[in-house]
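Asks: Copying in the features that Swiss-Prot gives for the protein in this structure:
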type: BINDING; residues: Gly170, Asp171, Arg172, Gln173, Thr174, Gly175, Lys176, Thr177; note: ATP binding site
type: SITE; residues: Ser363; note: site 'Required for activity'
Amino acid sequence: MATLRVDEIHKILRERIEQYNRKVGIENIGRVVQVGDGIARIIGLGEIMSGELVEFAEGTRGIALNLESKNVGIVLMGDGLMIQEGSFVKATGRIAQIPVSEAYLGRVINALAKPIDGRGEIVASESRLIESPAPGIISRRSVYEPLQTGLIAIDSMIPIGRGQRELIIGDRQTGKTAVATDTILNQKGQDVICVYVAIGQRASSVAQVVTTFHEEGAMEYTIVVAEMADSPATLQYLAPYTGAALAEYFMYRERHTLIIYDDLSKQAQAYRQMSLLLRRPPGREAYPGDVFYLHSRLLERAAKLNSLLGEGSMTALPIVETQSGDVSAYIPTNVISITDGQIFLSADLFNAGIRPAINVGISVSRVGSAAQIKAMKQVAGKSKLELAQFAELQAFAQFASALDKTSQNQLARGRRLRELLKQSQANPLPVEEQIATIYIGTRGYLDSLEIGQVKKFLDELRKHLKDTKPQFQEIISSSKTFTEEAEILLKEAIQEQLERFSLQEQT
């Protein structure tokens, strides 16, 4: 058995003494005095910041929202079932932040940026604060590039630009999510990173959206942030900020991003629940006084950056649900006043089979034609006015027994215009095909057809144009202008298709 000599013991002790590092750590510790309904009240956290992360003894995390004289109100980021009265709470000294990286593309995550798709961990070397200040005035430039949605009604009459905030508003089951997801599908090959944030949705609905993205190949450039209806209110409140932080990461790396918030009504309800449990004074519709700031600080993060910052952009499409078409409720009016326009979806139009059920008359884009290519402006300039006049005339025609020939022709043209705006779900159209479609409708080529024949004729014409006149697409995509040459090619294709179509109908 080996024995240690005195000099060896002396040497070992000296080495240990030299290695000794006297480190004094100060931790901000408190005690739980009350816990329940996703809220904990803590005493003893004297030097905590508003919004600081705290950690409970059993591992649950929370955010300090109420800083009162005698206690601190914490919202829990979990169920908190194992937290006991009297247990210790430690302040972390950090504000809520998430890891960010390119590895998040194609993944489904929760509000804490943890993967929930069962495909393993996500490796990230950088992190971003969940809540960061919006770009200032000097950091921005005006919106001038179009963000094509693939939906004729939007791209022609309510255009959206890169860096814009456009609200999608309507009753439940009117196709709000379908408009948003179709916009994501249309970004394929456009070098746009998409973030879809599902707040308080049914798990089956989110699964359906994710399946559609996989089937259409959209998951390659999309991140899905999902907090279902059974998630704690804190996580539903945080989910949009997590999505915004991920989109900002790409925006500041000179990329174009699109973020969908589906929907902000649910986030406001989660925030109302948290605020009432924290005993904050309720205001209109029992929402807290700062619910406007909740949404304004989120939506102001969408921007088109200037050339010094790389000209990246973040386009936001928030969704808000209305009750029986009441857009004068608190949350709808708040978000309408923050955004750069709104797309109204009508339950009446949806039930009448007009889908997407966009009410073009009261929908508006405050960026307007600045976010359209010149070719679209040339062709679709008067289409919104024509549709508005048609809607007015149609309402009048219900009560008038006899109409003059001009009014009858205007009604017939309006019905065909409305028919060409119909599109099936997950079927976005490239801008060249949209221009051809609108040209046919506004120039009266559909007037000779029955309304039931319009869809079939347009489908066949688009295929015929692509197969026999590929130069048309090349001219529009390269020059962004509806040139005389493009018009001649389109007219030839229309005449050929009209002849073929009349022969088909005769046989």
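For all residues, glycine too, the Cβ spot is worked out from N, Cα and C.
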Asks: Whose Cβ, among the binding-site residues Arg172, Lys176, has more other Cβ atoms within 10 Å than any of the rest?
Replies: Lys176
Asks: Round to the nearest Å and give the CA-to-CA distance linking Thr174 (ATP binding site) with Ser363 (site 'Required for activity').
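Replies: The Cα atom of Thr174 (ATP binding site) is 15 Å away from the Cα atom of Ser363 (site 'Required for activity').
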Asks: Identify which of the binding-site residues Gln173, Thr174 has its Cβ surrounded by the largest number of other Cβ atoms within 10 Å, counting every protein chain shown.
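Replies: For the binding-site residues Gln173, Thr174, the Cβ with the most other Cβ atoms within 10 Å is Thr174.
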Asks: Sort out for me which one of Gly170, Gly175 has the most neighbouring CB atoms within 10 A, since those are the binding-site residues we care about.
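Replies: When each Cβ's neighbours within 10 Å are tallied, Gly170 leads.
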Asks: Only counting partners 6 or more residues apart, tell me which same-chain residues put their Cβ under 8 Å from the Cβ of Asp171 (ATP binding site).
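Replies: Sequence-distant Cβ neighbours: Glu321, Thr322, Gln323, Ser324, Gly325, Leu345, Ala347.
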Asks: Need the DSSP three-state call for Gly170 (ATP binding site) to compare against my parser.
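Replies: Gly170 (ATP binding site) sits in a strand per DSSP.
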Asks: Run through the Cβ atoms and count how many others sit within 10 Å of the one on Thr177 (ATP binding site).
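Replies: For Thr177 (ATP binding site), the count of other Cβ atoms within 10 Å is 22.
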Asks: Write out, in the order they occur in the sequence, the residues of the chain not among Gly170, Asp171, Arg172, Gln173, Thr174, Gly175, Lys176, Thr177 that have a C-beta within 8 Å of the mean position of the C-beta atoms of the recorded ATP site.
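Replies: So the additional residues around the site are Glu321, Leu345, Ala347, Phe350, Ala357.
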Asks: Taking the Cβ of Ser363 (site 'Required for activity') as the centre, how many other Cβ atoms fall within a 10 Å radius?
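Replies: There are 22 such Cβ atoms around Ser363 (site 'Required for activity').
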Asks: What Cα-Cα separation, expressed in whole Å, is found between Lys176 (ATP binding site) and Ser363 (site 'Required for activity')?
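Replies: Just about 14 Å between their Cα atoms.
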Asks: I need the CA-to-CA distance for Thr177 (ATP binding site) versus Ser363 (site 'Required for activity'), whole Å please.
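Replies: Approximately 17 Å lies between the Cα of Thr177 (ATP binding site) and that of Ser363 (site 'Required for activity').
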